[in-house]
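K.L.:
The structure under discussion is supplied below as structure tokens; questions concerning it will follow.
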Amino acid sequence: MGPMRTIVYADGGCDPNPGPGGWAAVIQAPTGTIELYGGELATTNNRMELTAAIRALEHFPEGAAIEMRCDSQYVVKSVTEWMRGWKARGWRTATGPVKNIDLMQRLDALAAARDVRWTWVRGHAGEAGNERADRLATLGRREALSGKTSGEAMPLPADAAPALAPAQPVQSKTVQVALSADLANALSRAAGRAGITPQAYLEDAVRLALELKPPGVARVRAELQKAS
């Protein structure tokens, strides 16, 4: 019989990609669930997925037995299939330097000092820990956009988790908005990636812009331009 492993769900995302993103880890510790999350203004999907796994592993002492559950095949295959070859070639792939090498090397060092079993799980398939990590990563992205400290873990006891329940019904008013064909298509694609309707996606974007106000929107746009 192997060691008793602490189960961890790690998830990250970015919208648009590249753009503002968030990461999260849900640690099912014996003493209770620990939740970590954060975000960055200018990043990518893969960097947020890697960051989620890194922040989760940083929570544990060396030698800890962990089962890391991720819905990112990029993360799982990087560690379990590709990394050994990259290291043998001096952190290079067959076509050039390893992408996100800073995070890959950090992840490699952390995993080497711990007993980690890597498990891929299908995203948005109803697995509670994965769904929770996904919602927290979304919250991390929103907080990064609102100017809160990004990239720092914020542990939460299970009974003090941030409220992420669906919004209560409110009175609505229909407003017609004319969009260019390109913008309408981009909106539809982004909503599809987020798993929501274009109307809900647009409403969320409008609310966020109203919260940020013009100076905040300008700051986010400048960060994205620097990252591009």
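Using N, Cα and C of the backbone, Cβ positions are placed for all residues, glycine too.
Found this in Swiss-Prot, in case it helps:
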- Asp11, Asp134: Mg(2+) 2 binding site (BINDING)
- Asp11, Glu49, Asp71: Mg(2+) 1 binding site (BINDING)
- 2-142: domain 'RNase H type-1' (DOMAIN)
K.L.:
DSSP three-state call for Asp11 (Mg(2+) 2 binding site): helix, strand or coil?
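P.N.:
Note: Asp11 (Mg(2+) 2 binding site) is in a strand by DSSP.
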K.L.:
Using a Cβ-Cβ cut-off under 8 angstroms and a sequence gap of six or more, which residues of the chain neighbour Glu49 (Mg(2+) 1 binding site)?
P.N.:
Ala10, Asp11, Gly12, Gly13, Trp23, Cys70, Ser72, Tyr74, Val75
K.L.:
Check the binding-site residues Asp11, Asp71, Asp134 for other C-beta atoms within 10 angstroms of each C-beta and report the one with the most.
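P.N.:
Checking each of Asp11, Asp71, Asp134, the winner is Asp11.
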K.L.:
What counts of helix, strand and coil residues does DSSP assign across the domain 'RNase H type-1' (2-142)?
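P.N.:
Split by secondary structure, the domain 'RNase H type-1' (2-142) comes out as 57 helix, 46 strand, 38 coil.
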K.L.:
Give the distance between the Cα atoms of Asp134 (Mg(2+) 2 binding site) and Asp71 (Mg(2+) 1 binding site), rounded to the nearest whole Å.
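P.N.:
Answer for this pair: 10 Å between alpha carbons.
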